[in-house]
Amino acid sequence: MTPTTLPTSQRAVQQDGNGKLHVANNAAIPSLLPGHVLVKTYAVALNPSDYKIQKNFPIPGAYVGIDFSGTVVQVANDVDSINPGTEVFGAAFTFSSAHRLANGAFAEYVRVRADLLFRIPSEQQCQNDGDLTLFKAATLGTAMSTCLLSLWSPDALGLVGKPEEPVLSEKPIPVLVYGGSTSVGTIAIQLLKLSGYDPIATCSPRSFDLVRSRGASNVFDYSSADVALKIKTHTGGRLKYALDCISDVASVATCYAAIQRPGGRYVSLEYIPDELLAQRRAVRPNFVLSAELYGEEIVLGEEAYDRPANREKHQLAVQNVGMLQRLIDSGGLKTHPTEEIEGGLEGVVKGLVALAGGGHPRKLVAVV
């Protein structure tokens, strides 16, 4: 097969008329759009949003999946930044209804924006014995996208320090990562540390070593009755920023109680009801949907999730892709621990059921 020759159909995970997931053997291959490339998928990684979106916003025929790695096979005429044959990874956001009916990562082929793709480093580029494989790279798309918006978007935490321009201080500013052992949490901790901040985190005691290995200066048991007080004591009452990777009633309460008296900023990765966010007027909350960095309208049919097109967030992402790519090339980011799912796309369907049941600290990855 040449880079421009494709089969007439593909295998892909889709929803049936009842909203159930199945592997379709004759699914359409997404057409190439301006500014996009088509990738032959090698591996995919599972996220909670993969099963939540198909459960809460079912569409018969919808494709599923966000995180992927693979090889570029087709490039739109207006794209000159990448060539067929390049090994890449990223996030194929399918939150809008029209996009969900045409494209998803849990398939043999996936369509993605060229300006938001990351490249697998070559052996010549790798430093510090970097060994980012296609398998490991599949875990990074959503985590990196979410961290990009959560940490640096002006309406989120709005931090000024970045890995290439860290904040220099004898006493680094603390930032709480609630759920530090999640796939987003472990990446956020590393980016915060590299940006000159003092990342602290909550998680289960069984994950303390993992979270510390990623750069957290202190870790707290999320289930402790006085966890907020412990965080407040540790930070000397000067915690201004909290990234909540769990985003439930308990996590909101802990983050809000730990944030300093003058207030601060709180970012959730799930919708939080207004009555919970109104606990403290001095805290500025924001619900981050990483799909916003595509710069396109998000239409799911529910006000809490629907978003207008936001070119500023797309530009923020594009401006920072190079920085993150250089970090990847230098081996400066450790991927989340993985667990391989056997069975290809059929294994993905089973894996989503298992993920919904909880108890999976490792990132579930399948080779397509």
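Backbone N, Cα and C define each Cβ position, glycine as well.
The NADP(+) binding site annotation in Swiss-Prot covers Ser49, Asp50, Tyr51, Lys52, Ser204, Pro205, Arg206, Ser207, Tyr222, Leu269, Glu270, His360, Pro361 and rests on similarity to another entry. Feature annotation from Swiss-Prot assigns substrate binding site to Phe135, Lys136, Ala137, Ala138, Thr139, Leu140, Gly141, Thr142, Ser290, Ala291, Glu292, Leu293, Tyr294; the stated evidence is sequence analysis.
Ranking the binding-site residues Tyr51, Tyr222, Pro361 by Cα distance from Tyr294 (substrate binding site) puts Tyr51 first.
Cβ packing within 10 Å was compared across the binding-site residues Gly141, Pro361, and the lowest neighbour count falls to Pro361. Counting every protein chain shown, the number of other Cβ atoms lying within 10 Å of the Cβ of Glu270 (NADP(+) binding site) is 19.
Within the same chain, residues at least 6 positions away in sequence whose Cβ sits under 8 Å from that of Thr139 (substrate binding site) are Ala45, Asp67, Ser183, Thr335, His336, Thr338, Lys363, Val365. In this structure, the CA atom of Glu270 (NADP(+) binding site) is 27 Å away from the CA atom of Phe135 (substrate binding site). For the pair formed by Pro361 (NADP(+) binding site) and Ala137 (substrate binding site), distance between Cα atoms is given as 17 Å, rounded to the nearest Å. Counting every protein chain shown, 27 other Cβ atoms lie within 10 Å of the Cβ of Ala137 (substrate binding site). Cα of Tyr51 (NADP(+) binding site) to Cα of Ser290 (substrate binding site): a distance of 16 Å. By the criterion of other Cβ atoms within 10 Å of the residue's own Cβ, the least surrounded of the binding-site residues Phe135, Tyr294 is Phe135. The shortest Cα-Cα distance from Ser49 (NADP(+) binding site) to any of the binding-site residues (Phe135, Ala137, Gly141, Ser290, Glu292) is found for Ser290.
Farthest C-alpha pair in the substrate-binding residues Phe135, Lys136, Ala137, Ala138, Thr139, Leu140, Gly141, Thr142, Ser290, Ala291, Glu292, Leu293, Tyr294: 26 Å apart.
In the shown protein chains, 20 other C-beta atoms lie within 10 A of the C-beta of Tyr222 (NADP(+) binding site). Separating the Cα atoms of Phe135 (substrate binding site) and Arg206 (NADP(+) binding site) is a whole-number distance of 25 Å. On the backbone, the CA of Gly141 (substrate binding site) and the CA of Arg206 (NADP(+) binding site) stand 26 Å apart.
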